[in-house]
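> Okay, these came from TrEMBL:
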SIGNAL    1-17  signal peptide
DISULFID  CYS84-CYS123  disulfide bond
BINDING   ASP112, ASP163, GLN211, LEU336, TYR358  cyanocob(III)alamin binding site
Amino acid sequence: MAWYILHLLNLLWAVAGTSTQTQGSCYLTIGQLALTVMALTSSCRDPGNKVSILHRQMENWAPSSPNAQSSTFYGPSLAVLALCQKNPETTLPIAVRFAKILLANSSPFNMDTGAMVTLALTCMYNKIPVGSEEGYRSLFGQVLEDVAENISMRIKDNGIIGDIYSTGLAMQALSVTPKHPPKKWNCKKTMDTILKEIELGKFHNPMSIAQILPSLKGKTYLDVPHVSCIPGHEGQPTLPNQTNPAPTSASNITVIYTINNQLRGVELHFNETIDVSVKAGSVLLAVLEEAQRRSSMFKFETTMTSWGLVVSSINNIAENVHHRTYWQFLSGKTPLDEGVADYIPFNHEHITANFTRY
């Protein structure tokens, strides 16, 4: 088994947060179930009834509103991709309905969702069963053209697409889409920048690694079903070995931490600051935990996502998808591009958690 597929399996398995022995499919979201099917497929394992369960869930799936936020479509895109790889003929009606919903939705896609839509519908575009209506190809092509153009408009001069962590999926999408956008993409420039960022240690979150790793081998998630399986040698999912350095004594640093809520229509406005002392090298989550220990004003709650822990509530003010509000973390005035469980603050850094709208 190619090493990049094995790593993809390990990372997808970890991100899905599931084991067939410890958790039933009914407890997984559509996206997690799709990841599990892809992980099992890439390890030459039989996904069993998970494919049929995923198929039924997608038959019954519908967005919560006509103008649902773009993240709503990420999991279903994963599902269309996983189902397309198993049986494109039975997936066709689901993919057609999904594409029509996408065309009717006026909310712009974020980078990850747009890239996953591209991968899913490219799979269907390439595998439309013989004898099917030509209109299907036109339908998928229209969505792919719109999304590819949207992705290409996010290409920066240094090759990064969106931000550093959205670039992995975007690279996969732009490398396979049959509808090339008008803005030319310099793949080499993107790859050179990514390799430099890897040297700087940017990619240590499991999902970010899983998304960038295939492109480094010239592959995409579309290659998951093409793994060469050797009879009698199933790939056993094991997490990548990590060599942990020997513990060393670390001095303390001070982080200035502010929580701020000034949004209109939201009760309990506040702007509170506290100086927090933590061990050098600690992640931001340790700062939040120490602040919470010292003052109830800094009480917070987190939600586990495929990208790791996300702070969902601070001082009893919780994010709300209907109001499009969330907690944004900034270093000075610069938004952080890593989560609280990954970002490592430096001495005397001013971190602000700002309740804001998107």
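Cβ atoms here come from the backbone N, Cα and C positions, even for glycine.
All TrEMBL annotations are machine predictions without curation.
Describe the structural context of each listed feature in the structure shown, including burial, neighbouring residues and relevant distances.
Note: CYS123 (disulfide bond) has non-local neighbours VAL80, LEU81, CYS84, GLN85, PRO88, LEU222, i.e. same-chain residues 6+ apart with C-beta under 8 A of its own C-beta.
Counting every protein chain shown, the number of other Cβ atoms lying within 10 Å of the Cβ of LEU336 (cyanocob(III)alamin binding site) is 16.
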> Which is it, of ASP163, GLN211, TYR358: the one of these binding-site residues whose Cβ has the most other Cβ atoms within 10 Å?
GLN211
> Including all protein chains displayed, how many Cβ atoms other than that of ASP112 (cyanocob(III)alamin binding site) lie within 10 Å of its Cβ?
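There are 23 of them.
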> Per the record, cyanocob(III)alamin is bound by ASP112, ASP163, GLN211, LEU336, TYR358: how many Å separate the farthest pair of Cα atoms?
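Looking at ASP112, ASP163, GLN211, LEU336, TYR358 as a set, their Cα atoms extend up to 24 Å apart.
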